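One structure is given below, encoded as structure tokens.
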Amino acid sequence: MADWQRTHTCGELRETHLGQTVTLNGWVLITRNFPNQVFVDLRDRYGLTQVVIEDGDKALFAEANQLGREYVLSVTGVVRKRIAGKERADIPTGQVELEAKAVRVLNACPPLPFSVTEFPDEEPANEDLRLQYRYLDLRRRSIQQVLMLRHRVCKIIRDYMDTNGFLEMETPLLGKSTPEGARDYLVPSRVFNGEFFALPQSPQLYKQLLMISGYDKYFQLARCLRDEDLRADRQPEFTQLDVEMSFVERDDVLTLMEGLAADLLKQCLGVTLALPLPRLSYQDAMLRYGSDKPDNRFGMEIIDIGDVAGESEFKVFKDVLAAGGVVRGLNAKNAAAKFSNSDLKPGGKLSAFVTQFKAKGLAWMKCEAGKLTGSIEKFFPDAVKAKLIEKMQVENGDVLLFVADKESVACDALGALRSHLGSELKLYKNWWDEKAEYDATEEKAAKKEKRAPNPFVVKPEHFKMLWVLDFPMFAFDDEERRWVAIHHPFTAPMDEDVANLESNPGAVRAKAYDMVLNGYEVGGGSIRIHRQDVQAQVFKMLGMPLEDAQARFGFLLDALQSGAPPHGGIALGLDRWCMILAGTTNIRDVIAFPKNQKARDLMTGAPAVVEPRQLKELGVELKK
RNA sequence: GGGGGCGUAGCUCAAUUGGUUAGAGUACCGGACUGUCGAUCCGGUGGUUGCGGGUUCGAGUCCCGUCGCCCUCGCCA
């Protein structure tokens, strides 16, 4: 071992090391210079240790005064107790300090484009700047903690799957483009000019084929790529825990995966998840929450008031009902003071919000001084008002919000409004808003339970999880004027609905399920079709004639006839899980090197133009 | 492709109704200071207000265009 190499990490030294000569390697977080000594906070991913350089050795002391932020040092010295009254209770190494005998600058560092320190009132630099210098951003403590959490999540997953008898297997990245689903990232073939590989949107077909090959319990932490527009919780490349099992029915998959979810919450945050998870049909989810990924940390469910609206004199409601639409509403309890009439009227904040979702408008009433108020109040006779009050459990101070439209629009608009108001009115708590002081007992407890120490107060009510079941098999795509698969074309229909496949495709339910956590879809899967004739029938429904299906998925259709066992599976969004466990709402925070919203890597600049020679080899010509 | 927000010192932000030489904190540089821990105190360097055009006696501020970033709708089986 070279003499500069560390004997300990910067998070390791305790009173048990007193008197020992040790060497630390790390980065200078900050220095504090005095006439007779220099204090250096030396930091690595394990923690922070105070180094003291005294003025006894003049050359050493002079050098210490030249140290700057983010210098990389090797410090050899003696561990000593801090002088009485100068201990720090807030960091694990706070009882001791390192009295430097030798300091080596392994690398100097000029002033950086932004600060790596993270003091409580310090705002982080703009995200695009941080992405440009991602290697510096990743040096920040909070991001290091998140990426260490991500490692733990992967470890917990691997342990759980292994314990349950699953094999971790890899599948190709270079595959074949499939017409259904997301836009593919394509890779031109040099050997076969004019032909392209596609990067996988998911390992879907490969894992089904592994089932057919007899590897009855498979999993993979699989990278998936989809060339679609990004969101706060979507990256073009992301990681899924991909799972597939043979000889199972839906409940086997659900039971297995909720056990994993409980493990993750327990081991990462110390929270106990009550099992089994609640289950909700897709139909109920849409009716009550207007969403297939309801956030059930709070109530404020959608209420159908079609019957009451029908008895009113309000023409807008009556016309919509007569045209086969619905009238549904929310009761925002105690929000009357929060929303002015101009927020509510056409063009106001809330009204504008719902028009985003194609709703024609937002009707409203308030309950003030025991009376319903608002511009539509006059269309409701007293008896009808009484019914409305009863139905929506109206009390003083409530705001009633209504959307009258065709059912899908009403669901979308009210569902989005419900989650918008949930956060606006603070109807649920985020655990990261309840940050606690560092607690030495928490460190001990965490060590005993073999989990990461958690500086937050996390309670079970911060995590609400459920399954959404019984999705429809198909949705009619108005643009393409054909049926498309809601999950994917390999999802099995419910046994009792198979007969309706051709006669009434809209009514066919799929053996599909989504795992929902705090309003995020954190997993989704299905029991697959394992019979060739059913698969061919579904392809046909999707407007794919047999010849087409043969050309595109012939290998699958053949495989299904070669002893395919009943099978099914699921995929969990690893990045979204990490995001929720880390207490952030931005998926980029849990990915070491993410892309920006336009899918550009601001650090490397990718994507970038390539040499004409490379294009020529690939047989690719650019359009002028 | 549509809607919304943002862009001022290396960084985070301010700048009244369009009006003096665009300020503050921090970083950085220099000085003072015997145990700090985001040390403190004093002083200093640092600006094409994203870019281009326009209106005006006068533009960080108003108008048009453009670029970039974020959120969102569409999209994401």
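Placed from the backbone N, Cα and C atoms, the Cβ positions cover glycine too.
Note that the coordinates shown come from a computational prediction; the quantities given were computed from them, not determined experimentally.
TrEMBL has this to say about the protein:
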BINDING   A:GLU180, A:ARG226, A:HIS487, A:ARG528  L-aspartate binding site
BINDING   A:ARG226, A:ASP227, A:GLU228, A:GLN235, A:GLU521, A:GLY573, A:LEU574, A:ASP575, A:ARG576  ATP binding site
DOMAIN    A:147-607  domain 'Aminoacyl-transfer RNA synthetases class-II family profile'
REGION    A:204-207  region 'Aspartate'
SITE      A:GLY85  site 'Important for tRNA non-discrimination'
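Positions of TrEMBL features highlighted on the structure.
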residue: A:GLY85; record: site 'Important for tRNA non-discrimination'; Cβ neighbours (10 Å): 5
residue: A:GLU180; record: L-aspartate binding site; Cβ neighbours (10 Å): 15
residue: A:ARG226; record: L-aspartate binding site; Cβ neighbours (10 Å): 20
residue: A:GLU228; record: ATP binding site; Cβ neighbours (10 Å): 12
residue: A:HIS487; record: L-aspartate binding site; Cβ neighbours (10 Å): 20
residue: A:GLU521; record: ATP binding site; Cβ neighbours (10 Å): 16
residue: A:ARG528; record: L-aspartate binding site; Cβ neighbours (10 Å): 23
residue: A:LEU574; record: ATP binding site; Cβ neighbours (10 Å): 25
residue: A:ARG576; record: ATP binding site; Cβ neighbours (10 Å): 21
Cα-Cα distance linking A:GLU228 (ATP binding site) and A:ARG528 (L-aspartate binding site), given in Å to the nearest integer: 25
Helix, strand or coil at A:ARG226 (L-aspartate binding site) [DSSP, three-state]: coil
Rounded inter-Cα distance in Å - A:GLU521 (ATP binding site), A:HIS487 (L-aspartate binding site): 13
A:LEU574 (ATP binding site) versus recorded positions A:GLY85, A:GLU180, A:ARG226, A:HIS487 - nearest by Cα: A:ARG226
Among A:ARG226, A:ASP227, A:GLU228, A:GLN235, A:GLU521, A:GLY573, A:LEU574, A:ASP575, A:ARG576, the record's ATP binders - longest CA distance, Å: 19
When distances run from the Cα of A:ARG576 (ATP binding site) to each of the recorded positions A:GLY85, A:ARG226, A:HIS487, the nearest one: A:ARG226
Extent of the L-aspartate binding site in Å [max Cα distance among A:GLU180, A:ARG226, A:HIS487, A:ARG528]: 22
DSSP state at A:GLY85 (site 'Important for tRNA non-discrimination'), helix/strand/coil: coil
A:GLY85 (site 'Important for tRNA non-discrimination') and A:GLU180 (L-aspartate binding site), distance between Cα atoms, whole Å: 68
Inter-residue C-alpha distance, A:GLU228 (ATP binding site) and A:HIS487 (L-aspartate binding site) (nearest angstrom): 17
Distance [Cα-Cα, Å, rounded] between A:GLY85 (site 'Important for tRNA non-discrimination') and A:ARG226 (L-aspartate binding site): 57
